[in-house]
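Remarks on the structure that follows.
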Amino acid sequence: MYTTTLSVQGMTCTSCVASIQSMLEGVEGIEQFTISLLLERAIAVHDPSIISPDQIAEKIEDCGFDASVISSTEGEHGVMANYLLLSPMQAEQWTKVHNHINELQGVLSVNCSSSPDAAIRVIYDSEITGPRSIMKEILSMGVKCTFQPVDSSTSRILSLQRGSQIRVWKIRFIISISFSLAVMFLPQIFDSCDSMRAAFLVPHYFGICAGHIISLVLSLPVQFGVGRVYYSAAYHALKRGTANMDVLVSLGSTVAFAASIFFMILYSARHADNPAPIFFDTADMLLTFVTLGRYLESKAKGSTSAALSQLLSLAPSSATIIEDNEQIEILADLIERGDLILVKPGEIIPVDGTVVEGSSYVDESSVSGEPVPVHKTIDDELLSGTANGNGRLLVKATKSPRESQLAVIVDLVQRAQISHAPIQQFADRVAGIFVPVIVALSISTFTFWFLFTKYSSKYPSVFDDPMGKFAVCLKLTISVVVVACPCALGLSTPTAVMVGTGVGALNGIIIKGGEILERLNQVDTVVFDKTGTLTVGKLSVTDISIVDNLEELLDIPKNIFWAFVKASESSSEHPIGKAITEKASEFTDVSEIGIESFNAVPGEGVDVVLRWKERTFHALLGNSLLLEHNNVSIPDDFDSKLKLSSSSGLTCVRIAIDGQFVGFLGCMDQVRPDSYQTVSALKQLGKKVCLLTGDQKATARRVAQGLEIDFSDVYAEAVPSQKAEIIQKLKDQKHCVAMVGDGINDSPSLVLADVGIAPINGSGIALESADVILVRKGVLLDTAVSFDLSRVIVKRIKMNLVWACIYNFVMIPIAMGFFLPWGIYLNPMWASAAMMFSSLSVLASSLLLRRWKKPKSLIFSEADDVETESSTNSSVLQKVYTATRSIFGRNKSSNKYQPVANEV
């Protein structure tokens, strides 16, 4: 299967989206198709053997929209596509170039045309080759070649900011407002004095006023210049059997313009003495207000994608590589795996890689949320989009730019913004019947008032118009057509989803789509994996119990004893051994301990013979079995201590030297500093919190006790399949379940849960299975933040929909003349202004989500040994949302995690 991303231009409302969606969903070979009005992007998952990317673009164009393929990649990891522009050549040389490229290692397919200046599209495996290597091969054949990146960061930013679109609509508005104001005010100027009135407002030429001819001429640029956009879109919509906002606008404008010409001809044929009623100003101002609305909408839509633009701007456009001992500056898109990249002080790292030379402090706040610059040296990993400090680094690229963690984050955010929320189905259903209903209501309005004023003598005073009752009925009809606004309904959900998911991404929370947002808001039960999620995922020594007469018993100083412990476990790869080595290093700096023999006993511990000052020592570190097999007895007082520690969830390592028991070390996986606050916050949000782990019950209950999780909600000693069964059991009890985990063994549960949540430092499988990804490393509290954010976004969506419905329910009856008996009616010009306002108000409402701040209860209160963000952090995220700086302060809270007995 291929995943093809397309650019789709010309969509104006949800009716356009619905028509394309319905056209493509039934096409053979297309497995999945989603499209975004705001991003002007479509993503198709399809079988290329049945339908090609270009054929998908053609089908979209058949609907009346401009479409082009941005990228098309196979489902396999590392498979990429790019375009290369070649110089003109003969057909024979084209064949040679095609065949040569096709034979290159890593190239999967080549599509090219024999026409001059055509582009070849190369699909390749980025783990084997890249665009720069392919270009070198083409250049070696004497053919000039230019790289044309597919969907580069720069082009995507420009597209999202809608700069060209905003300029076009601005020009259209200036043209329309200039001519419309002239058409509106010239008749008033002509009527200002008798001589001008006689010259311009009295029929002279074939019964037509000169002023009317001038108004007609001035209206032409508006109707057939600016208005052509609406008429063309309306034509294509009707051609494909649908009706959208363009149809309503075109209908209202056409009726007013055509009626004006009709009356001019009619009065001319009758040689009438009075000037004909004309509505050129109505037609022109209608288009002017709509054009102003489109201009302001374009600017507002550009703001809705500000978060995605900021993420894209993190990656640099160029990079310096070292090739043949020379520094060469290239486009960042041309970087390939294995390239050596020179990163100078202050530069942005262009691609994920590892340090091969140099050291420096790197600011990772923009990508990982780590606020304090991290020291990087040889073999350390670097992330694209992070900022180098004062050092000079030589970096080996481990991924291509489009596979970097930053690119993955951007792709996830964009896919989330393209996806449709289930609540959007309501707007889609309404949009499907909206225009036909409005047209029917407008015809009914005209018919009713025309007949009413004709056969009744008691009609509202508004019909006593110099232009006649027919003209007033026509204006009411136009008002009904124009005031109705399906756009407000259509924009309610996608704008809120786009802004909301963008805000989430900037705060380190990636929500994979509108459907996930809704489910996240419905969750009532949150299940946590223990190891690596609620806990750090790294064992540490928390309990030390050593005999009082250690030095007399062994005839060695205490620091030498710790040196023995350190040396005994230094060769161990077991997590417990590493934890003991780290703890022992705190008590000794002695290193001249010799190891004569080392034996790791599976399931028991280590058996080591040590040498110090020409003396040998036999050391045993392990569980009770190791000591039993070596005939070492444990004193009764220590035996009771061991039982107490073991029952509280500690892993106890017994220590014996030369056959004598000297004590034990208790190890455990430390609870994360913000776990208590996370659990507490979730409970405040009304969520039930459960603990699910494969560890023993004592360990699980010990963690649950410290976090105040009910023992009845603790599920211990569960293998991956049992974890999934527990999730299903909770769902069967009518709970909406969220699973939070980071390991491979959590993947089945993450998939089965209604919402899967995983930290970005989790396993690759867990990240693929998760619906929500927490980008900020080590900040579990973002789990609770994601629930609060989803609640706010869904609430905003509902507010938008309610407002859009209220607007139409109120304004349409007013336009139809329901309140004419009380002198309340709606002029077509003001109807178009109201329609514009309704769409803009929904956009403004969604943009208010950018002001969202974390509740104070969800701001992490840190211990002194935990590094987090400070108020002076200068990341891009904070530059975008300066209002959220306060959330990163070091606020103290009484809800800090309190260790239970034996933890320290």
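Backbone N, Cα and C define each Cβ position, glycine as well.
Annotated features, as they stand in Swiss-Prot:
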- 1-172: topological domain 'Cytoplasmic' (TOPO_DOM)
- 2-68: domain 'HMA' (DOMAIN)
- Cys13, Cys16: Cu(+) binding site (BINDING)
- 173-193: transmembrane segment (TRANSMEM)
- 194-197: topological domain 'Lumenal, vesicle' (TOPO_DOM)
- 198-218: transmembrane segment (TRANSMEM)
- 219-246: topological domain 'Cytoplasmic' (TOPO_DOM)
- 247-267: transmembrane segment (TRANSMEM)
- 268-278: topological domain 'Lumenal, vesicle' (TOPO_DOM)
- 279-296: transmembrane segment (TRANSMEM)
- 297-431: topological domain 'Cytoplasmic' (TOPO_DOM)
- 432-452: transmembrane segment (TRANSMEM)
- 453-469: topological domain 'Lumenal, vesicle' (TOPO_DOM)
- 470-490: transmembrane segment (TRANSMEM)
- 491-805: topological domain 'Cytoplasmic' (TOPO_DOM)
- Asp529: active site, 4-aspartylphosphate intermediate (ACT_SITE)
- Asp742, Asp746: Mg(2+) binding site (BINDING)
- 806-826: transmembrane segment (TRANSMEM)
- 829-849: transmembrane segment (TRANSMEM)
- 850-904: topological domain 'Cytoplasmic' (TOPO_DOM)
Where Cys13 (Cu(+) binding site) falls in three-state DSSP terms: coil
The residue listed as 'active site, 4-aspartylphosphate intermediate' versus Asp742 (Mg(2+) binding site) - Cα distance in angstrom: 8
Stretch contact, the transmembrane segment (279-296) with the transmembrane segment (247-267), Cβ-Cβ under 8 Å, 3+ pairs: yes
Cβ neighbours of Asp742 (Mg(2+) binding site) where a neighbour is any other Cβ within 10 Å: 23
Recorded positions listed as Asp529, Asp746, least Cβ neighbours within 10 Å: Asp529
Inter-residue Cα distance where the pair is Asp529 (active site, 4-aspartylphosphate intermediate) and Asp746 (Mg(2+) binding site), in Å: 8
Spatial separation of the residue listed as 'active site, 4-aspartylphosphate intermediate' from Cys13 (Cu(+) binding site) - C-alpha basis, Å: 44
Three-state secondary structure, which DSSP defines for Asp742 (Mg(2+) binding site): coil
Rounded inter-Cα distance in Å - Asp529 (active site, 4-aspartylphosphate intermediate), Cys16 (Cu(+) binding site): 44
Among 432-452, 806-826, 829-849, stretch most in contact with the transmembrane segment (247-267) (C-beta, under 8 angstroms): 432-452
Listed in sequence order, residues with CB under 8 A of Cys16 (Cu(+) binding site) and six or more positions away: Gly10, Leu37, Phe65, Ala233, Ala237, Asn244
For the topological domain 'Cytoplasmic' (219-246), sequence-distant contacts whose Cβ falls under 8 Å of one of its Cβ atoms, 6 or more beyond its ends: 10, 12-13, 15-16, 18-19, 23, 62-65, 172, 175-176, 179-180, 183, 253-254, 257, 280, 283-284, 287-288, 290-291, 431, 435-436, 439, 485-487
Beyond the flanks of the topological domain 'Lumenal, vesicle' (453-469) by 6 or more, those residues with Cβ under 8 Å of it: 277, 817, 820-821, 823, 825
